[in-house]
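Everything on this sheet refers to the single structure shown next.
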Amino acid sequence: MPTSATVAITLNGEPYDLAAERTAAELVEALGLTGRRIAMEINEEIVPRSQLSATRLEAGDRVEIVHAIGGG
Amino acid sequence: MTLLQDTPFTVAGRTFASRLLVGTGKYKDFDETAQAIAASEANIVTFAVRRTNLGQEAGAPNLLDVIPPSRYTLLPNTAGCYTAKDAVRTCRLARELLDGHNLVKLEVLGDDTTLYPNVVETLKAAETLLADGFDVMVYTSDDPIVARELEAMGCCAIMPLGSLIGSGHGIQNPHNVRLIVEQSQVPVLVDAGIGTASDAAMAMELGCDGVLLNTAIAHAREPQRMARAMKLAVEAGREAFLAGRMPRRQSADPSSPFAGRING
């Protein structure tokens, strides 16, 4: 069960509880993705890399983090 | 020897030495991907956008390390999208991924048996993407009327299928591809269905500006060798198109003169 300190979001389609992370940049860091070539969308809106630190995560946010893979 | 000239291959104001565009899917590993792409000598390389695997090691290799944007023009592809909305979201994520690079391959699929383009959703997505500043290379059916609509909207390249994606059935309706080539002011590329080198050469002989393929190389027994075959086929087909083929005849026409024969 989430404690009062956690914030429930949806991350890449799955339920995810934020512990201490409160910004998009902190989430990226907690996932070990800092410095990797990724792109993020919150509630279907792009979050530019330059805005990750300034973007606060709220309960219920739907977050997508994507990267490049092989494809035609 | 006279140097034979060709007009450069230009898409949305960008000029490329190679008329072969290749995908990065279905390879067994990144080494094989890198070797095949290098052997193809393609300049434009497509990739897909997918959810990051959470929990992967920080040092895991990334496709963009193997196919660096500094060396290739990366073409994000909306493959796997079945609605205009998902295709538009994918393109915006790709633009963020590539630091503002705005050239995309739009592909909106109709169903997972045929992967046939859903042209209604494709037209909707193209409209939104063009208004948002993207340069849109569009995968579509071989319907010349749809192709004309997409060009009129402002798509920078029209890419009709030769046959179903990944089928290797070659160009099923060369007459339609030729109709699209003849009416289009923007580049036309056969995208999907190429199975072997002669299919790629045929596309170029029909007057296409380029060929986009993936599985024909990735699923060849020797991908690197097939990549080179495709490069040569695209060049050969282009040269044959520019040279202009001989007329077809009903009866034989000897290559050696009749006069001066020793018989009779």
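Every residue, even glycine, has its Cβ placed from backbone N, Cα and C.
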Need one residue: from B:GLY166, B:GLY207, B:GLY237, the one TrEMBL lists with B:ALA192, B:GLY193, B:ASN214, B:THR215 for 1-deoxy-D-xylulose 5-phosphate.
B:GLY166
List nothing but the largest Cα to Cα distance in Å, as a whole number, among the residues B:GLY166, B:ALA192, B:GLY193, B:ASN214, B:THR215 that the record says bind 1-deoxy-D-xylulose 5-phosphate.
9
I'd like to know which recorded positions lie near chain A: of B:LYS105, B:GLY193, B:THR215, which have a CB under 8 A from one of its CB atoms?
B:THR215
Which residue among the binding-site residues B:ASN214, B:THR215 has the fewest other Cβ atoms within 10 Å of its Cβ, if you could check?
B:THR215
DSSP three-state call for B:LYS105 (active site, schiff-base intermediate with DXP): helix, strand or coil?
strand
Quick one: Cα separation, B:GLY166 (1-deoxy-D-xylulose 5-phosphate binding site) versus B:LYS105 (active site, schiff-base intermediate with DXP), in Å?
17
Validating a neighbour-count step here. Other CB atoms within 10 A of the CB of B:LYS105 (active site, schiff-base intermediate with DXP): how many?
28
